[in-house]
(Lines of atoms letter the chains of each structure in order from A and count residues from 1; the text may use other names and numbers.)
(Lines give C-alpha, C1' and ligand atoms only; values in the text may rest on other atoms or scores of the structure.)
Protein backbone atom coordinates (compact mmCIF):
# COMPACT_ATOMS: atom_id res chain seq x y z
CA UNK A 1 0.00 0.00 0.00
CA UNK A 2 2.82 2.43 0.80
CA UNK A 3 4.31 2.90 -2.63
CA UNK A 4 1.04 2.89 -4.55
CA UNK A 5 -0.23 5.44 -2.05
CA UNK A 6 2.73 7.66 -2.92
CA UNK A 7 1.49 7.78 -6.49
CA UNK A 8 -2.02 8.64 -5.37
CA UNK A 9 -0.52 11.47 -3.26
CA UNK A 10 0.58 13.11 -6.48
CA UNK A 11 -2.95 12.76 -7.82
CA UNK A 12 -4.52 14.16 -4.66
CA UNK A 13 -2.17 17.16 -4.65
CA UNK A 14 -3.54 18.10 -8.06
CA UNK A 15 -6.83 19.27 -6.65
CA UNK A 16 -5.35 21.66 -4.12
CA UNK A 17 -1.68 22.19 -5.07
CA UNK A 18 0.39 23.99 -2.42
CA UNK A 19 -2.54 24.37 -0.04
CA UNK A 20 -2.70 20.60 0.35
CA UNK A 21 0.81 20.27 1.80
CA UNK A 22 -0.08 21.88 5.14
CA UNK A 23 -3.00 19.56 6.10
CA UNK A 24 -1.11 16.61 4.60
CA UNK A 25 1.83 17.00 6.99
CA UNK A 26 -0.44 17.79 9.97
CA UNK A 27 -2.33 14.56 9.26
CA UNK A 28 0.95 12.70 8.96
CA UNK A 29 2.13 13.84 12.40
CA UNK A 30 -1.18 13.60 14.27
CA UNK A 31 -2.71 10.63 12.51
CA UNK A 32 -0.48 8.77 10.05
CA UNK A 33 2.66 8.08 12.05
CA UNK A 34 0.95 7.26 15.40
CA UNK A 35 -1.64 4.93 13.85
CA UNK A 36 0.98 3.19 11.72
CA UNK A 37 3.01 2.45 14.87
CA UNK A 38 -0.16 1.32 16.65
CA UNK A 39 -1.10 -1.23 13.97
CA UNK A 40 2.45 -2.55 13.60
CA UNK A 41 2.74 -2.95 17.37
CA UNK A 42 -0.64 -4.73 17.64
CA UNK A 43 0.23 -7.18 14.87
CA UNK A 44 3.70 -7.88 16.29
CA UNK A 45 2.42 -8.30 19.85
CA UNK A 46 -0.65 -10.44 19.13
CA UNK A 47 0.98 -12.59 16.39
CA UNK A 48 -2.34 -12.77 14.52
CA UNK A 49 -4.08 -11.28 11.49
CA UNK A 50 -6.58 -8.46 11.91
CA UNK A 51 -9.46 -10.65 13.13
CA UNK A 52 -7.41 -12.67 15.62
CA UNK A 53 -5.45 -9.68 16.92
CA UNK A 54 -8.49 -7.62 17.91
CA UNK A 55 -10.21 -10.71 19.27
CA UNK A 56 -7.27 -11.18 21.68
CA UNK A 57 -7.57 -7.57 22.85
CA UNK A 58 -11.29 -8.11 23.47
CA UNK A 59 -13.70 -10.76 22.17
CA UNK A 60 -16.19 -7.96 21.54
CA UNK A 61 -13.78 -6.43 18.98
CA UNK A 62 -13.80 -9.37 16.56
CA UNK A 63 -15.93 -7.24 14.20
CA UNK A 64 -13.09 -4.72 13.79
CA UNK A 65 -10.93 -7.32 12.05
CA UNK A 66 -13.88 -8.50 9.96
CA UNK A 67 -14.57 -4.90 8.89
CA UNK A 68 -10.92 -4.54 7.79
CA UNK A 69 -11.15 -7.75 5.76
CA UNK A 70 -14.40 -6.58 4.12
CA UNK A 71 -12.85 -3.22 3.16
CA UNK A 72 -9.75 -4.98 1.77
CA UNK A 73 -12.02 -7.33 -0.18
CA UNK A 74 -13.90 -4.39 -1.71
CA UNK A 75 -10.61 -2.68 -2.53
CA UNK A 76 -9.23 -5.81 -4.20
CA UNK A 77 -12.39 -6.18 -6.26
CA UNK A 78 -11.93 -2.89 -8.09
CA UNK A 79 -8.28 -1.92 -7.56
CA UNK A 80 -6.86 -4.62 -9.83
CA UNK A 81 -8.84 -3.11 -12.70
CA UNK A 82 -6.24 -0.31 -12.67
CA UNK A 83 -3.58 -2.94 -13.32
CA UNK A 84 -5.72 -4.32 -16.16
CA UNK A 85 -5.88 -0.85 -17.73
CA UNK A 86 -2.11 -0.47 -17.21
CA UNK A 87 -1.55 -3.76 -19.08
CA UNK A 88 -3.81 -2.51 -21.90
CA UNK A 89 -1.85 0.73 -22.28
CA UNK A 90 1.48 -1.09 -21.95
CA UNK A 91 0.61 -3.43 -24.82
CA UNK A 92 -0.33 -0.44 -26.98
CA UNK A 93 2.84 1.46 -26.03
CA UNK A 94 4.90 -0.54 -28.54
CA UNK A 95 3.03 0.93 -31.52
CA UNK A 96 4.51 3.71 -33.63
CA UNK A 97 2.94 6.20 -33.49
CA UNK A 98 1.20 5.73 -30.16
CA UNK A 99 -2.51 4.97 -30.74
CA UNK A 100 -3.58 7.93 -28.58
CA UNK A 101 -1.28 10.38 -30.41
CA UNK A 102 -3.84 11.23 -33.13
CA UNK A 103 -7.55 10.78 -33.74
CA UNK A 104 -8.53 7.74 -35.84
CA UNK A 105 -10.14 8.16 -39.26
CA UNK A 106 -13.89 7.71 -39.60
CA UNK A 107 -15.46 4.76 -41.42
CA UNK A 108 -15.48 6.66 -44.77
CA UNK A 109 -11.82 7.64 -44.27
CA UNK A 110 -12.78 11.20 -45.21
CA UNK A 111 -11.93 12.73 -41.84
CA UNK A 112 -11.47 12.02 -38.16
CA UNK A 113 -13.98 10.39 -35.83
CA UNK A 114 -16.54 13.01 -34.82
CA UNK A 115 -16.33 12.17 -31.10
CA UNK A 116 -12.54 12.48 -31.14
CA UNK A 117 -12.66 15.85 -32.91
CA UNK A 118 -14.91 17.21 -30.14
CA UNK A 119 -12.49 16.18 -27.40
CA UNK A 120 -8.84 15.08 -27.67
CA UNK A 121 -7.07 11.99 -28.97
CA UNK A 122 -5.99 10.94 -25.46
CA UNK A 123 -9.50 11.30 -24.03
CA UNK A 124 -10.97 9.47 -27.01
CA UNK A 125 -8.56 6.58 -26.57
CA UNK A 126 -9.42 6.37 -22.87
CA UNK A 127 -13.19 6.77 -22.95
CA UNK A 128 -13.98 5.11 -26.29
CA UNK A 129 -11.21 2.68 -27.25
CA UNK A 130 -10.27 1.56 -23.74
CA UNK A 131 -13.51 1.77 -21.75
CA UNK A 132 -16.03 2.00 -24.61
CA UNK A 133 -17.96 3.87 -21.96
CA UNK A 134 -21.76 4.07 -21.91
CA UNK A 135 -23.57 7.43 -21.71
CA UNK A 136 -24.87 6.71 -18.21
CA UNK A 137 -24.88 4.22 -15.35
CA UNK A 138 -28.30 2.95 -16.39
CA UNK A 139 -26.89 1.69 -19.71
CA UNK A 140 -24.80 -1.22 -18.44
CA UNK A 141 -23.68 -2.59 -21.81
CA UNK A 142 -21.69 -5.75 -22.40
CA UNK A 143 -18.39 -6.93 -20.96
CA UNK A 144 -15.43 -5.65 -23.00
CA UNK A 145 -13.50 -8.83 -23.70
CA UNK A 146 -10.16 -7.06 -24.19
CA UNK A 147 -10.41 -5.48 -20.74
CA UNK A 148 -11.69 -8.74 -19.26
CA UNK A 149 -8.61 -10.58 -20.57
CA UNK A 150 -6.34 -7.89 -19.15
CA UNK A 151 -8.11 -8.22 -15.79
CA UNK A 152 -7.60 -12.00 -15.82
CA UNK A 153 -3.92 -11.45 -16.59
CA UNK A 154 -3.64 -8.97 -13.71
CA UNK A 155 -5.17 -11.48 -11.27
CA UNK A 156 -2.94 -14.27 -12.59
CA UNK A 157 0.13 -12.12 -11.86
CA UNK A 158 -1.14 -11.38 -8.34
CA UNK A 159 -1.84 -15.07 -7.71
CA UNK A 160 1.67 -16.09 -8.81
CA UNK A 161 3.14 -13.43 -6.50
CA UNK A 162 1.23 -14.64 -3.41
CA UNK A 163 1.37 -18.37 -4.24
CA UNK A 164 4.03 -19.20 -1.66
CA UNK A 165 2.81 -16.90 1.07
CA UNK A 166 4.88 -14.16 2.71
CA UNK A 167 8.20 -15.59 1.43
CA UNK A 168 7.32 -15.08 -2.23
CA UNK A 169 5.46 -11.84 -1.48
CA UNK A 170 8.53 -10.38 0.23
CA UNK A 171 10.73 -11.11 -2.78
CA UNK A 172 8.23 -9.56 -5.19
CA UNK A 173 7.92 -6.42 -3.01
CA UNK A 174 11.66 -5.76 -3.45
CA UNK A 175 11.01 -5.40 -7.19
CA UNK A 176 7.68 -3.56 -6.99
CA UNK A 177 9.16 -1.12 -4.45
CA UNK A 178 12.56 -0.40 -6.02
CA UNK A 179 11.78 -0.34 -9.75
CA UNK A 180 9.33 2.62 -9.52
CA UNK A 181 12.07 4.72 -7.90
CA UNK A 182 14.35 4.07 -10.88
CA UNK A 183 11.60 5.04 -13.32
CA UNK A 184 10.69 8.13 -11.27
CA UNK A 185 14.32 9.30 -11.33
CA UNK A 186 14.38 8.90 -15.14
CA UNK A 187 11.11 10.82 -15.38
CA UNK A 188 12.41 13.50 -13.00
CA UNK A 189 15.45 14.14 -15.18
CA UNK A 190 13.31 14.19 -18.32
CA UNK A 191 10.51 16.17 -16.70
CA UNK A 192 12.73 18.98 -15.40
CA UNK A 193 14.24 19.44 -18.88
CA UNK A 194 10.83 19.80 -20.55
CA UNK A 195 9.68 23.21 -21.74
CA UNK A 196 7.21 24.62 -19.19
CA UNK A 197 8.16 22.29 -16.33
CA UNK A 198 8.87 25.30 -14.11
CA UNK A 199 5.27 26.48 -14.54
CA UNK A 200 4.03 23.22 -13.07
CA UNK A 201 6.42 23.36 -10.11
CA UNK A 202 5.49 26.97 -9.32
CA UNK A 203 1.84 25.92 -9.40
CA UNK A 204 2.54 23.01 -7.06
CA UNK A 205 4.37 25.00 -4.40
CA UNK A 206 2.17 28.11 -4.53
CA UNK A 207 0.05 27.94 -1.33
CA UNK A 208 -3.71 28.27 -1.62
CA UNK A 209 -4.40 29.08 2.00
CA UNK A 210 -8.12 29.64 1.38
CA UNK A 211 -8.41 25.86 0.96
CA UNK A 212 -7.52 25.35 4.64
CA UNK A 213 -10.99 26.53 5.66
CA UNK A 214 -12.60 23.88 3.46
CA UNK A 215 -13.32 20.62 5.39
CA UNK A 216 -12.88 18.65 2.14
CA UNK A 217 -9.20 19.61 2.15
CA UNK A 218 -8.67 17.94 5.50
CA UNK A 219 -10.78 14.92 4.55
CA UNK A 220 -8.72 14.54 1.36
CA UNK A 221 -5.48 14.76 3.36
CA UNK A 222 -6.71 12.19 5.89
CA UNK A 223 -7.90 9.85 3.14
CA UNK A 224 -4.55 10.16 1.41
CA UNK A 225 -2.70 9.25 4.61
CA UNK A 226 -4.99 6.26 5.18
CA UNK A 227 -4.52 4.89 1.69
CA UNK A 228 -0.81 5.61 1.33
CA UNK A 229 0.12 4.03 4.68
CA UNK A 230 -2.52 1.30 4.48
CA UNK A 231 -4.19 2.20 7.79
CA UNK A 232 -7.31 0.28 8.74
CA UNK A 233 -7.07 -2.30 5.96
CA UNK A 234 -5.55 -4.98 8.20
CA UNK A 235 -2.56 -5.52 5.90
CA UNK A 236 -0.14 -3.82 8.34
CA UNK A 237 -1.31 -6.02 11.20
CA UNK A 238 -1.06 -9.07 8.93
CA UNK A 239 2.51 -8.33 7.85
CA UNK A 240 3.62 -7.29 11.36
CA UNK A 241 2.38 -10.59 12.78
CA UNK A 242 5.30 -12.29 10.98
CA UNK A 243 7.90 -9.96 12.57
CA UNK A 244 10.28 -11.12 15.26
CA UNK A 245 8.84 -10.28 18.73
CA UNK A 246 11.85 -8.07 19.46
CA UNK A 247 11.61 -6.15 16.18
CA UNK A 248 11.82 -2.35 16.68
CA UNK A 249 8.45 -1.50 15.13
CA UNK A 250 8.64 2.07 16.47
CA UNK A 251 11.67 2.83 14.35
CA UNK A 252 10.09 1.15 11.34
CA UNK A 253 6.90 3.22 11.75
CA UNK A 254 8.90 6.48 11.74
CA UNK A 255 11.11 5.46 8.81
CA UNK A 256 8.25 4.15 6.68
CA UNK A 257 6.13 7.27 7.33
CA UNK A 258 8.94 9.64 6.41
CA UNK A 259 9.98 7.66 3.32
CA UNK A 260 6.35 7.44 2.24
CA UNK A 261 5.85 11.21 2.53
CA UNK A 262 9.19 12.01 0.90
CA UNK A 263 8.30 9.73 -1.99
CA UNK A 264 4.90 11.40 -2.26
CA UNK A 265 6.57 14.80 -2.64
CA UNK A 266 9.15 13.34 -5.03
CA UNK A 267 6.42 11.77 -7.19
CA UNK A 268 4.48 15.04 -7.08
CA UNK A 269 7.49 17.02 -8.34
CA UNK A 270 7.80 14.59 -11.25
CA UNK A 271 4.07 14.79 -11.92
CA UNK A 272 3.85 18.58 -11.77
CA UNK A 273 6.89 19.07 -13.99
CA UNK A 274 5.22 16.93 -16.66
CA UNK A 275 1.87 18.58 -16.00
CA UNK A 276 3.51 21.98 -16.44
CA UNK A 277 4.91 20.83 -19.80
CA UNK A 278 1.47 19.63 -20.87
CA UNK A 279 -0.26 22.85 -19.77
CA UNK A 280 2.39 25.03 -21.45
CA UNK A 281 2.18 22.98 -24.65
CA UNK A 282 -1.63 23.35 -24.75
CA UNK A 283 -1.41 27.07 -23.96
CA UNK A 284 1.15 27.77 -26.69
CA UNK A 285 -0.82 25.63 -29.17
CA UNK A 286 -3.92 27.68 -28.37
CA UNK A 287 -1.99 30.94 -28.89
CA UNK A 288 -0.63 29.70 -32.24
CA UNK A 289 -4.13 28.72 -33.45
CA UNK A 290 -5.49 32.16 -32.55
CA UNK A 291 -2.57 33.91 -34.28
CA UNK A 292 -3.06 31.79 -37.43
CA UNK A 293 -6.78 32.51 -37.43
CA UNK A 294 -6.25 36.28 -37.15
CA UNK A 295 -3.49 36.30 -39.79
CA UNK A 296 -5.74 34.54 -42.31
CA UNK A 297 -8.92 36.45 -41.44
CA UNK A 298 -7.38 39.93 -41.66
CA UNK A 299 -4.65 39.15 -44.23
CA UNK A 300 -1.87 40.33 -41.91
CA UNK A 301 1.82 40.00 -42.60
CA UNK A 302 3.45 36.89 -41.21
CA UNK A 303 5.40 37.78 -38.07
CA UNK A 304 3.29 40.83 -37.27
CA UNK A 305 1.39 38.86 -34.65
CA UNK A 306 3.24 37.29 -31.71
CA UNK A 307 2.28 35.96 -28.29
CA UNK A 308 3.65 39.15 -26.73
CA UNK A 309 1.52 41.61 -28.75
CA UNK A 310 -1.54 39.37 -29.24
CA UNK A 311 -3.82 41.20 -26.78
CA UNK A 312 -2.84 44.62 -28.16
CA UNK A 313 -3.50 43.46 -31.72
CA UNK A 314 -6.87 42.04 -30.68
CA UNK A 315 -7.88 45.42 -29.28
CA UNK A 316 -6.60 47.15 -32.45
CA UNK A 317 -8.48 44.79 -34.80
CA UNK A 318 -11.65 45.08 -32.73
CA UNK A 319 -11.46 48.88 -32.98
CA UNK A 320 -10.60 49.06 -36.70
CA UNK A 321 -12.66 46.09 -38.00
CA UNK A 322 -15.54 45.73 -35.52
CA UNK A 323 -17.92 43.76 -37.78
CA UNK A 324 -15.32 41.28 -39.05
CA UNK A 325 -13.93 40.82 -35.54
CA UNK A 326 -17.41 40.21 -34.09
CA UNK A 327 -18.03 37.45 -36.65
CA UNK A 328 -14.69 35.86 -35.81
CA UNK A 329 -15.08 36.21 -32.02
CA UNK A 330 -16.82 32.83 -31.38
CA UNK A 331 -13.79 31.06 -32.89
CA UNK A 332 -11.25 32.99 -30.80
CA UNK A 333 -10.42 31.04 -27.68
CA UNK A 334 -9.30 32.84 -24.54
CA UNK A 335 -5.90 31.19 -24.05
CA UNK A 336 -4.69 31.14 -20.44
CA UNK A 337 -1.82 29.26 -18.84
CA UNK A 338 -3.51 29.54 -15.43
CA UNK A 339 -6.68 27.99 -16.83
CA UNK A 340 -4.68 25.10 -18.28
CA UNK A 341 -2.95 24.53 -14.92
CA UNK A 342 -6.25 24.77 -13.04
CA UNK A 343 -7.78 22.06 -15.23
CA UNK A 344 -7.02 19.37 -12.67
CA UNK A 345 -7.74 15.73 -13.45
CA UNK A 346 -7.64 13.19 -10.63
CA UNK A 347 -7.63 9.43 -10.23
CA UNK A 348 -7.65 7.41 -13.42
CA UNK A 349 -7.82 10.64 -15.42
CA UNK A 350 -4.38 11.66 -14.17
CA UNK A 351 -2.84 8.23 -14.70
CA UNK A 352 -4.27 7.48 -18.13
CA UNK A 353 -5.20 10.82 -19.76
CA UNK A 354 -2.87 13.55 -18.51
CA UNK A 355 0.28 11.40 -18.57
CA UNK A 356 -0.50 9.83 -21.95
CA UNK A 357 -1.12 13.31 -23.38
CA UNK A 358 2.25 14.51 -22.08
CA UNK A 359 4.03 11.35 -23.24
CA UNK A 360 2.75 11.61 -26.82
CA UNK A 361 4.48 15.01 -27.16
CA UNK A 362 7.85 13.73 -25.93
CA UNK A 363 10.69 12.51 -28.11
CA UNK A 364 11.00 8.71 -28.13
CA UNK A 365 7.45 8.60 -26.76
CA UNK A 366 7.23 4.79 -26.95
CA UNK A 367 10.13 4.41 -24.51
CA UNK A 368 8.65 6.81 -21.94
CA UNK A 369 5.24 5.21 -22.36
CA UNK A 370 6.61 1.72 -21.65
CA UNK A 371 8.57 2.98 -18.63
CA UNK A 372 5.55 4.79 -17.20
CA UNK A 373 3.07 1.93 -17.50
CA UNK A 374 5.59 -0.62 -16.22
CA UNK A 375 6.01 1.63 -13.17
CA UNK A 376 2.24 1.92 -12.79
CA UNK A 377 1.98 -1.87 -12.88
CA UNK A 378 4.68 -2.27 -10.24
CA UNK A 379 2.88 0.17 -7.96
CA UNK A 380 -0.47 -1.49 -8.56
CA UNK A 381 0.83 -5.02 -7.99
CA UNK A 382 2.60 -3.90 -4.83
CA UNK A 383 -0.68 -2.52 -3.51
CA UNK A 384 -2.54 -5.69 -4.44
CA UNK A 385 -0.07 -7.79 -2.44
CA UNK A 386 -0.96 -5.80 0.67
CA UNK A 387 -4.69 -6.04 -0.04
CA UNK A 388 -4.66 -9.79 -0.57
CA UNK A 389 -2.45 -10.32 2.51
CA UNK A 390 -5.07 -8.53 4.61
CA UNK A 391 -7.67 -11.02 3.32
CA UNK A 392 -5.58 -14.19 3.32
CA UNK A 393 -3.88 -13.90 6.72
CA UNK A 394 -7.12 -14.11 8.76
CA UNK A 395 -8.28 -17.00 6.55
CA UNK A 396 -5.05 -18.95 7.00
CA UNK A 397 -5.08 -18.15 10.73
CA UNK A 398 -8.43 -19.93 10.97
CA UNK A 399 -7.82 -23.52 12.02
CA UNK A 400 -11.10 -24.60 10.42
CA UNK A 401 -10.05 -23.33 6.95
CA UNK A 402 -6.28 -23.94 7.16
CA UNK A 403 -6.72 -27.58 8.25
CA UNK A 404 -8.91 -28.37 5.23
CA UNK A 405 -7.33 -26.40 2.39
CA UNK A 406 -3.70 -25.60 1.49
CA UNK A 407 -2.60 -21.96 1.13
CA UNK A 408 -2.42 -22.26 -2.65
CA UNK A 409 -6.10 -23.24 -2.86
CA UNK A 410 -7.22 -20.48 -0.45
CA UNK A 411 -5.22 -17.90 -2.43
CA UNK A 412 -6.62 -19.22 -5.70
CA UNK A 413 -10.23 -19.04 -4.50
CA UNK A 414 -9.80 -15.45 -3.25
CA UNK A 415 -8.24 -14.34 -6.55
CA UNK A 416 -10.84 -16.20 -8.64
CA UNK A 417 -13.81 -14.75 -6.74
CA UNK A 418 -12.37 -11.23 -6.96
CA UNK A 419 -11.69 -11.66 -10.68
CA UNK A 420 -15.22 -12.85 -11.44
CA UNK A 421 -16.82 -10.00 -9.49
CA UNK A 422 -14.32 -7.57 -11.03
CA UNK A 423 -15.74 -8.27 -14.50
CA UNK A 424 -18.46 -5.76 -13.56
CA UNK A 425 -15.83 -3.04 -13.97
CA UNK A 426 -15.02 -4.17 -17.53
CA UNK A 427 -18.57 -3.50 -18.75
CA UNK A 428 -19.45 -0.34 -20.67
CA UNK A 429 -20.75 1.21 -17.45
CA UNK A 430 -17.89 -0.36 -15.47
CA UNK A 431 -16.01 2.90 -14.95
CA UNK A 432 -19.05 4.39 -13.18
CA UNK A 433 -19.15 1.40 -10.82
CA UNK A 434 -15.40 1.78 -10.34
CA UNK A 435 -15.95 5.38 -9.19
CA UNK A 436 -18.68 4.25 -6.77
CA UNK A 437 -16.38 1.68 -5.14
CA UNK A 438 -13.44 4.08 -5.16
CA UNK A 439 -15.44 6.90 -3.52
CA UNK A 440 -17.59 5.01 -1.02
CA UNK A 441 -16.24 1.52 -0.30
CA UNK A 442 -13.47 2.52 2.09
CA UNK A 443 -13.24 6.15 3.27
CA UNK A 444 -15.99 6.28 5.91
CA UNK A 445 -15.32 2.69 6.97
CA UNK A 446 -11.60 3.33 7.49
CA UNK A 447 -12.32 6.34 9.70
CA UNK A 448 -14.55 4.23 11.92
CA UNK A 449 -12.12 1.28 11.99
CA UNK A 450 -9.09 3.29 13.09
CA UNK A 451 -11.18 5.21 15.62
CA UNK A 452 -12.28 1.96 17.25
CA UNK A 453 -8.68 0.66 17.09
CA UNK A 454 -7.28 3.62 19.04
CA UNK A 455 -10.09 3.50 21.61
CA UNK A 456 -9.67 -0.27 21.97
CA UNK A 457 -5.92 -0.09 22.64
CA UNK A 458 -6.01 2.94 24.93
CA UNK A 459 -9.22 2.39 26.90
CA UNK A 460 -10.20 -1.28 26.59
CA UNK A 461 -6.87 -3.10 26.50
CA UNK A 462 -5.33 -0.26 28.50
CA UNK A 463 -2.60 2.16 27.48
CA UNK A 464 -0.39 1.28 30.47
CA UNK A 465 -0.73 -2.43 29.74
CA UNK A 466 0.10 -1.85 26.07
CA UNK A 467 3.05 0.33 27.13
CA UNK A 468 4.43 -2.58 29.16
CA UNK A 469 4.02 -4.91 26.16
CA UNK A 470 5.96 -2.49 23.98
CA UNK A 471 8.70 -2.16 26.59
CA UNK A 472 8.99 -5.95 26.64
CA UNK A 473 9.16 -6.13 22.84
CA UNK A 474 11.51 -3.29 21.92
CA UNK A 475 13.21 -2.67 25.28
CA UNK A 476 12.37 1.04 25.64
CA UNK A 477 9.66 3.13 27.25
CA UNK A 478 6.85 4.64 25.24
CA UNK A 479 7.48 8.27 24.33
CA UNK A 480 5.00 10.95 25.49
CA UNK A 481 4.27 11.82 21.84
CA UNK A 482 2.77 8.39 21.15
CA UNK A 483 0.70 8.48 24.34
CA UNK A 484 -0.79 11.90 23.60
CA UNK A 485 -1.53 11.03 19.97
CA UNK A 486 -3.11 7.64 20.74
CA UNK A 487 -5.14 8.69 23.76
CA UNK A 488 -6.35 12.16 22.72
CA UNK A 489 -5.21 13.85 19.50
CA UNK A 490 -5.79 11.07 16.97
CA UNK A 491 -9.27 10.00 18.23
CA UNK A 492 -10.46 13.63 18.44
CA UNK A 493 -9.19 14.37 14.95
CA UNK A 494 -10.82 11.24 13.52
CA UNK A 495 -14.15 12.12 15.19
CA UNK A 496 -13.92 15.63 13.70
CA UNK A 497 -13.24 14.21 10.24
CA UNK A 498 -16.09 11.75 10.69
CA UNK A 499 -18.48 14.63 11.47
CA UNK A 500 -17.13 16.70 8.55
CA UNK A 501 -17.56 13.73 6.22
CA UNK A 502 -21.19 13.10 7.20
CA UNK A 503 -22.05 16.82 7.19
CA UNK A 504 -20.59 17.23 3.72
CA UNK A 505 -22.76 14.47 2.29
CA UNK A 506 -25.88 15.76 4.06
CA UNK A 507 -25.31 19.27 2.68
CA UNK A 508 -24.47 17.96 -0.79
CA UNK A 509 -27.95 16.46 -1.16
CA UNK A 510 -28.39 14.03 -4.06
CA UNK A 511 -25.19 12.20 -4.87
CA UNK A 512 -23.95 12.79 -8.40
CA UNK A 513 -21.40 11.35 -10.80
CA UNK A 514 -19.55 12.36 -13.95
CA UNK A 515 -20.83 10.65 -17.13
CA UNK A 516 -19.23 10.79 -20.57
CA UNK A 517 -21.32 12.56 -23.24
CA UNK A 518 -20.04 11.43 -26.64
CA UNK A 519 -22.08 14.07 -28.47
CA UNK A 520 -20.33 16.88 -26.59
CA UNK A 521 -17.00 15.13 -26.08
CA UNK A 522 -16.91 15.97 -22.39
CA UNK A 523 -18.04 14.85 -18.93
CA UNK A 524 -21.48 15.89 -17.70
CA UNK A 525 -22.93 15.69 -14.18
CA UNK A 526 -25.82 13.30 -13.53
CA UNK A 527 -27.70 12.12 -10.45
CA UNK A 528 -27.13 8.58 -9.24
CA UNK A 529 -30.16 6.33 -9.83
CA UNK A 530 -31.93 4.79 -6.84
CA UNK A 531 -30.29 1.38 -7.13
CA UNK A 532 -26.82 2.97 -7.22
CA UNK A 533 -27.61 4.83 -4.00
CA UNK A 534 -28.70 1.51 -2.48
CA UNK A 535 -25.38 -0.07 -3.49
CA UNK A 536 -23.49 2.87 -1.95
CA UNK A 537 -25.44 2.39 1.29
CA UNK A 538 -24.68 -1.35 1.28
CA UNK A 539 -20.97 -0.73 0.67
CA UNK A 540 -20.74 1.56 3.68
CA UNK A 541 -23.00 -0.52 5.92
CA UNK A 542 -21.50 -3.93 5.08
CA UNK A 543 -18.15 -2.94 6.58
CA UNK A 544 -19.13 -0.47 9.32
CA UNK A 545 -21.91 -2.69 10.68
CA UNK A 546 -19.43 -5.54 11.20
CA UNK A 547 -18.15 -3.79 14.33
CA UNK A 548 -21.43 -3.54 16.30
CA UNK A 549 -22.69 -6.87 14.91
CA UNK A 550 -19.47 -8.60 16.03
CA UNK A 551 -19.91 -7.22 19.54
CA UNK A 552 -23.60 -8.20 19.56
CA UNK A 553 -22.88 -11.78 18.43
CA UNK A 554 -20.16 -12.14 21.09
CA UNK A 555 -22.54 -10.79 23.76
CA UNK A 556 -25.29 -13.23 22.75
CA UNK A 557 -22.88 -16.17 22.72
CA UNK A 558 -21.58 -15.32 26.18
CA UNK A 559 -25.12 -14.85 27.47
CA UNK A 560 -26.22 -18.24 26.10
CA UNK A 561 -23.09 -19.86 27.52
CA UNK A 562 -23.86 -18.45 30.99
CA UNK A 563 -27.43 -19.69 30.77
CA UNK A 564 -26.24 -23.20 29.86
CA UNK A 565 -23.80 -23.21 32.79
CA UNK A 566 -26.47 -22.00 35.21
CA UNK A 567 -28.92 -24.62 33.88
CA UNK A 568 -26.38 -27.43 34.34
CA UNK A 569 -25.56 -26.18 37.85
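Cβ from N, Cα, C; glycine included.
Just so it is clear, the model here is predicted, and its values are computed rather than measured.
What TrEMBL lists as Na(+) binding site is 228, 260, 379, 383.
Among residues of the same chain six or more beyond the transmembrane segment (20-38), those with a C-beta under 8 A of the stretch's C-beta atoms are 9, 12-13, 207, 211-212, 217-218, 220-222, 224-225, 228-229, 231, 236, 249-250, 253-254, 256-257, 261, 264, 450, 453-454, 457, 481-482, 485-486, 489-490, 493-494. The transmembrane segment feature in TrEMBL is assigned to 20-38 (among others).
Among the features that TrEMBL reports, transmembrane segment is placed at 59-79 (among others).
Sequence annotations record features per position, and here TrEMBL assigns transmembrane segment to 145-163 (among others).
The feature transmembrane segment is assigned by TrEMBL to 172-198 (among others).
The transmembrane segment annotation in TrEMBL covers 218-242 (among others). Residues 1-2, 4-6, 8-9, 12, 15-16, 20, 23-24, 26-28, 31-32, 35-36, 39-44, 46-50, 53, 65, 68-69, 71-72, 75, 166, 249, 256-257, 260, 264, 386-387, 389-390, 392-394, 442-443, 445-447, 449-450, 453, 493-494, 497, 500-501, 504 of the same chain sit 6 or more residues outside the transmembrane segment (218-242) yet have a Cβ under 8 Å from a Cβ within it.
Among the features that TrEMBL reports, transmembrane segment is placed at 254-275 (among others).
The transmembrane segment annotation in TrEMBL covers 370-392 (among others).
Annotated transmembrane segment per TrEMBL: 413-434 (among others), in sequence order. Within the chain, the transmembrane segment (413-434) has long-range Cβ neighbours (under 8 A, six or more residues past its boundaries) at 73, 76-78, 80-81, 84, 131-134, 136-144, 147-148, 151-152, 155, 158-159, 162, 348, 388, 391-392, 395, 405, 513, 515.
Among residues of the same chain six or more beyond the transmembrane segment (440-463), those with a C-beta under 8 A of the stretch's C-beta atoms are 35, 38-39, 42, 54, 57-58, 61, 64, 67-68, 70-71, 74-75, 78, 219, 222-223, 226-227, 231-233, 483, 486-487, 490-491, 494-495, 497-498, 501, 536, 539-540, 543-544, 547. Taken from TrEMBL, the feature transmembrane segment applies to 440-463 (among others).
Summarising the annotation, TrEMBL assigns transmembrane segment to 484-503 (among others). Long-range Cβ contacts of the transmembrane segment (484-503) within its own chain (Cβ-Cβ under 8 Å, at least 6 residues beyond either end) map to 27, 30-31, 33-35, 38, 215, 218-219, 222, 443-444, 447-448, 450-451, 454-455, 457-458, 463.
Among the features that TrEMBL reports, transmembrane segment is placed at 531-556 (among others).
Summarising the environment of residue 228 (Na(+) binding site), the number of other Cβ atoms within 10 Å of its Cβ, over all protein chains shown, is 26. For the transmembrane segment (145-163), the residues of the chain that approach it from at least six positions outside its boundaries are 80-81, 83-85, 87-88, 130-131, 169, 172, 380-381, 384-385, 388-389, 392, 408, 411-412, 415-416, 418-419, 422-423, 425-426, 430, judged by C-beta separation under 8 angstroms. Of the listed binding-site residues, namely 260, 383, the sparsest Cβ surroundings within 10 Å are found at 260.
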